[in-house]
Amino acid sequence: MSIALLIEQILNGLQLGVMLFLMAAGLTLIFGVMGLINLAHGSLYMVGAFACAAVAAATGSFWIGLVASLVAAAAAGAIMEVTVIRRLYDRDHLDQVLATFALILIFSEGTRWLFGSFPLYLDIPPLLQGAVPLPGGGQYQLYRLAIIGVGIVVAVGLYFLISRTRLGMRIRAGESDREMIAALGVDIRTLYTVVFALGAALAGLAGALVGALQSVQVGMGEPALILAFVVIVIGGIGSIKGALFGAILVGVVDTMGRFLLPKALALMIPAAQAGPIGAALASMLIYIVMALILAFRPSGLFAAQS
Amino acid sequence: MKKIIAAGIFGLSLATSGLAYAEPVKIGVITTLSGGGAGLGVDMRDAFALAMKQSGNKDVELVIEDDAQKPEIAVQLAEKMIQSDKVDLLTGIIWSNLAMAVVPNAVAQDVIYLSPNAGPSALAGAKCSPNYFNVAYQNDNFHEAMGQYANKDYKKTFILAPNYPAGKDSLTGFKRYYKGELAGETYTQVGQTDYAAEIAQIRDSGADSVFFFLPGGMGISFMKQYAQSGVNIPVMGPGFSFDQDILPAVGDAALGVKNSASWSKDLDNEANKAFVEAFQAEYKRLPSVYAAQSWDTANLILSALGKASVKDKDAFRAALKAADFKSVRGDFTFNTNNHPVQNIYVREVVKEGDVLTNKIVATAFEKHGDAYAEQCKM
């Protein structure tokens with residue numbers, strides 16, 4: 001195993017973590033501020049990917065598609081909040097899960113109805129094509145580096161938004177005491193819609209960025225959603241900082257597990273068995289990590305005060 | 001009096017045998033029409049319906065239902081079709097895990113099942129049944145063909161498949177014929193979307209080629225990421241990841257890739273030309289392997305209906321087994337286990353105008369059966 005391979009795998013883990021962060025940030029924000037479990041967050045990710053693919057195909061520009069994905073996901077999020085989600089804040093979590101699960105089905109079949117059953121094509125923009133050399137003689141895909149960059153920018157941006165702006169102040173206030181901030185005259189309904197649209201836009205951005213790497217198809221959001229839930233549970237529900245650390249932890253552990261576990265097992269048992277067993281163990285690894293963390297810190301690494 | 005009755009019965013039996021075509025036949029089609037795998041089911045259904053329409057046979061009634069790619073739904077639909085719709089034949093299932101859930105139960109109730117796709121090894125071997133006809137392939141076939149073809153150019157192949165039964169069958173099939181050394185053997189998660197870690201290992205392994213089986217969206221993701229990774233090792237795989245339903249989403253990244261299948265659009269026979277033309281005219285898109293297999297399934301059924309009544313199971317089974325139809329794949333016969341004996345081709349992804357499609361570059365196997373036929377006792 002060379003140094004270049006190791007560096008490449010660490011970058012891969014980082015990049016996966018950054019993608020998860022974009023999903024998890026919105027999810028944790030919505031849960032923290034509104035106390036809502038939104039299973040349809042993965043659908044917003046899919047909306048972003050489809051919007052980007054459709055607009056990029058029509059205009060020939062990935063960048064216009066990227067903007068379209070933000071707009072489409074934010075709009076879909078806002079409409080979803082006003083029409084359905086708003087009625088769920090006072091209900092218990094089971095009702096929320098049921099209603100947002102119904103939204104997944106509606107979004108999936110609606111997308112299939114609009115775009116058909118076959119996956120769409122979305123390519124990496126020419127500017128970001130190709131690979132760059134790594135120290136140690138390896139190469140790394142430029143587009144993945146760009147995703148890591150976007151993730152860092154979003155993380156810094158969110159930090160400033162939450163800690164330095166009026167909107168951020170209200171979000172924090174909404175997290176700590178919903179009734180009080182409403183009593184102080186803040187328009188809580190609009191605040192909720194804005195937060196929901198913001199979370200949706202981040203999911204849409206993640207969908208568009210990932211869409212260029214993999215297939216844009218119906219149902220692409222659900223696997224990402226499951227990982228995003230793992231991330232926010234590890235990070236502490238409601239905490240953006242927790243989402244960032246959780247996402248990078250999950251990304252790196254998952255990638256390194258897939259890479260190292262079969263190799264480590266091959267030292268002990270025949271290679272033909274090490275492959276499947278290692279792969280099976282690797283797919284469990286992040287859940288094992290989650291269980292361990294929850295055993296010692298039941299409310300996650302950076303729990304927002306409840 | 002006796003004579004009159006005897007004459008009447010004789011007349012009636014003449015009438016029924018003469019009218020074998022005219023009695024209503026109900027065919028249950030269980031396939032995937034919603035969710036991520038819907039593209040395959042839609043191609044299957046469209047080709048099947050078109051073949052029936054073209055035959056002009058007004059007596060065939062299709063009962064089409066969506067299994068949503070879920071085994072439990074497929075099982076319920078099969079029960080419903082057998083018990084309340086009283087279908088004469090069942091077909092349509094795309095996925096091996098659904099076929100395993102439905103087929104053994106259906107054939108045990110003496111319902112004839114024809115597989116337009118999916119050929120799990122168990123149903124080809126120990127669990128074979130006279131009521132089960134596979135018109136597509138045994139699961140290992142395409143992978144075996146690629147292993148055979150790889151011997152020509154490659155000595156050190158990196159192989160990759162998802163960690164589930166069909167994935168393991170795939171790599172087993174490849175290794176059954178491949179004689180070179182393996183640079184690595186990796187199992188990925190089912191439904192995995194990011195292959196950066198695997199691609200990094202391929203780069204590091206010193207392989208001279210890569211064989212992968214990643215059906216559906218997994219293959220699209222892998223090919224797109226592979227093309228951008230800067231790794232230049234040639235890739236190959238079974239035709240599933242390079243078929244007409246997937247190529248538009250992969251884009252130029254797939255150009256030049258060798259892949260194996262029992263059918264290609266450019267196969268030179270009359271039945272195939274007519275099929276490709278009719279499918280394109282009706283649906284404004286190119287057909288896939290799934291469509292071709294489904295078309296053959298429909299025509300096999302039609303050929304058998306012309307010979308025997310579907311109510312006379314023994315005669316109908318014999319008529320199916322004769323495989324007396326014009327296959328779009330050219331020569332087609334059934335093996336002792338009711339699985340195909342057919343040619344498997346190596347295709348290359350090419351561009352015709354703006355459209356990505358396949359053309360045949362070699363024949364990996366001629367009249368190829370499967371490795372499980374010997375275990376089938378029927």
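Cβ atoms here come from the backbone N, Cα and C positions, even for glycine.
Copied over from TrEMBL:
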TRANSMEM  A:16-37  transmembrane segment
TRANSMEM  A:44-64  transmembrane segment
TRANSMEM  A:70-89  transmembrane segment
TRANSMEM  A:101-122  transmembrane segment
TRANSMEM  A:142-162  transmembrane segment
TRANSMEM  A:190-213  transmembrane segment
TRANSMEM  A:225-253  transmembrane segment
TRANSMEM  A:274-296  transmembrane segment
*Counting Cβ pairs under 8 Å that are 6 or more apart in sequence, does the total for the transmembrane segment (A:101-122) and the transmembrane segment (A:44-64) reach three or more?*
yes
### Message
Can you work out whether the transmembrane segment (A:70-89) touches the transmembrane segment (A:225-253), with the criterion being 3+ CB pairs under 8 Å where the paired residues are 6 or more apart along the chain?
### Response
no
When counting C-beta pairs under 8 angstroms to the transmembrane segment (A:44-64), the leading stretch of A:142-162, A:190-213, A:225-253 is A:190-213
Same-chain residues at least 6 beyond the ends of the transmembrane segment (A:225-253) with CB under 8 Å of its CB atoms are 10, 13-21, 23-25, 27-29, 31-33, 39, 41-42, 45, 155, 158-159, 162, 175, 285-287, 289-290, 293-294, 299-304
